[in-house]
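Student: What follows is a single structure, and I will ask about it in a moment.
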Amino acid sequence: MLSVSCPRVYMSRKALDFGQLASCRCRWAGRSGMRVAPRRRMPCVCFVASPSQPGLAAVDVPAEAISSARTTTMIPERISVSSLLEVVSDDLLKLNNNLKSLVGAENPVLVSAAEQIFGAGGKRLRPALVFLVSRATAELAGLLELTTEHQRLAEIIEMIHTASLIHDDVIDDSGMRRGKETIHQLYGTRVAVLAGDFMFAQSSWFLANLENIEVIKLISQVIKDFASGEIKQASTLFDCDVTLDDYLLKSYYKTASLLASSTRSAAIFSGVSTTICEQMYEYGRNLGLSFQVVDDILDFTQSAEQLGKPAGSDLAKGNLTAPVIFALQDEPKLREIIDSEFSESDSLATAIDLVHRSGGIRRAQELAKEKGDLALQNLQCLPKSQFRSTLENVVKYNLQRID
């Protein structure tokens, strides 16, 4: 079973090899001055980490553990984002009210940009995951409510994500996002780049004020990973020798790193054991990889109206994603077309057809489900609650997009 890892063991810059499955019991820790929730000792499972090759990880899980966690193939009903995140709706409402004020009012252009960015809405999935993990782990530590650190962490994560979108729109020369004109379309490239830089800097300032060195290192690494992912993508355009490992590592940098670091940080602020924190990191990593693979599948299976951009646009730019990488293994003609950088008028349409006919879409779907199943396994060490159930449903929501 193939799985990419963070290129470090949190702070040590080494890879993770999640191998032998072990069992553990959840630790309970009371907080002074606070009533500790009733003690329940619940068996749970966790992974034991050991050094491995940089950037890669292998997972060896007993069959019975997989069968108990593998529920992604049966989704009884469609899940909507609004209903999915209802359990943390109050937390998200508070976050929305705070976001614009966090940007500050020093510069009218930045204020206007903040209105444009945060006013566009969005699912707020990343801060929602912070709240869900925070509340799912809080019971283990006897916390009755989330801390101010949990709340500020969610705000920081959304600011970092938004800053990355501003820069992505500049790099991709995108004119619209969420139905609104992008910052660089309204104010020009220079202002957009500076606005993104400002939001990265502002989020870093709030991050430093959390005064937790482990969380500071985790989230700071995310910003570095964003740049690494963009550079890796730019250096492999139209490269038919790009491997699945290369793709997964790039996807970790661009998507999964933020999710993994934010879910682990949420658990850290709950004060739970290192084992639980590691599992929350792996949940975010596997979920992030699954999300990226699904997005890359939709680039071939949805219409331009659904995508908000032409179908196959990543392929047209030379960005070879999972469906293409799988298709290249069986379709030599596809390599010829990509090597020519679609010089013929109908070559892109032919390439898209080859990706479909080769089974590349099907194999990418299997990869997305594999990562989703791993994410579900990572949640097994949490006590059952509506928050754990919602974290499971986030995995299912993602996979139902390719049903």
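Cβ coordinates come from backbone N, Cα and C, glycine included.
Annotated transit peptide per Swiss-Prot: 1-62, in sequence order. Annotation comment: Swiss-Prot describes LYS123, ARG126, HIS161, ARG178 as isopentenyl diphosphate binding site. According to Swiss-Prot, the feature Mg(2+) 2 binding site maps to ASP168, ASP172. What Swiss-Prot records for ASP168, ASP172 is Mg(2+) 1 binding site, and it gives similarity to another entry as the kind of evidence. For ARG177, LYS254, THR255, GLN292, LYS309, the entry in Swiss-Prot reads all-trans-polyprenyl diphosphate binding site.
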Student: Long-range neighbours only, meaning 6 or more apart in sequence with Cβ under 8 Å: which ones does LYS254 (all-trans-polyprenyl diphosphate binding site) have?
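Tutor: LYS254 (all-trans-polyprenyl diphosphate binding site) has long-range Cβ partners ASP225, PHE226, GLY229, GLU230, GLN233, GLN292.
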Student: Over all pairs within ARG177, LYS254, THR255, GLN292, LYS309, the annotated all-trans-polyprenyl diphosphate binders, what is the largest Cα to Cα distance, rounded to whole Å?
Tutor: 20
Student: Of the binding-site residues LYS123, ARG126, HIS161, THR255, LYS309, which one has its Cα closest to the Cα of ASP172 (Mg(2+) 2 binding site)?
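Tutor: The smallest Cα gap between ASP172 (Mg(2+) 2 binding site) and any of the binding-site residues is with LYS309.
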Student: Does ARG126 (isopentenyl diphosphate binding site) have same-chain partners at least 6 apart in sequence with Cβ under 8 Å from its own Cβ, and which are they?
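Tutor: Once residues fewer than 6 apart are set aside, ARG126 (isopentenyl diphosphate binding site) is near ILE157, GLU158, HIS161, LEU258, LEU259, SER262.
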Student: In DSSP terms, helix, strand or coil for THR255 (all-trans-polyprenyl diphosphate binding site)?
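Tutor: DSSP assigns THR255 (all-trans-polyprenyl diphosphate binding site) to helix.
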Student: How big is the gap, in Å, between the Cα of LYS123 (isopentenyl diphosphate binding site) and that of ASP168 (Mg(2+) 2 binding site), rounded to a whole number?
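Tutor: Here the two Cα atoms are 18 Å apart.
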Student: Can you tell me whether DSSP puts ASP172 (Mg(2+) 2 binding site) in helix, strand or coil?
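Tutor: Helix, per DSSP.
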Student: May I ask for the distance between ARG177 (all-trans-polyprenyl diphosphate binding site) and ASP168 (Mg(2+) 2 binding site), taken between their Cα atoms and rounded to an integer number of Å?
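Tutor: Pair distance, Cα basis, whole Å: 11 Å.
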Student: For LYS309 (all-trans-polyprenyl diphosphate binding site), which residues of its chain lie six or more apart in sequence with Cβ-Cβ distance below 8 Å?
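Tutor: Result: SER174.
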Student: Would you count the other CB atoms within 10 A of the CB of LYS123 (isopentenyl diphosphate binding site), including those on all shown protein chains?
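Tutor: So the Cβ neighbour count for LYS123 (isopentenyl diphosphate binding site) comes to 14.
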Student: List, in sequence order, the same-chain residues at least six positions removed whose CB sits under 8 Å from that of THR255 (all-trans-polyprenyl diphosphate binding site)?
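Tutor: Long-range Cβ contacts: GLY288, LEU289, PHE291, GLN292.
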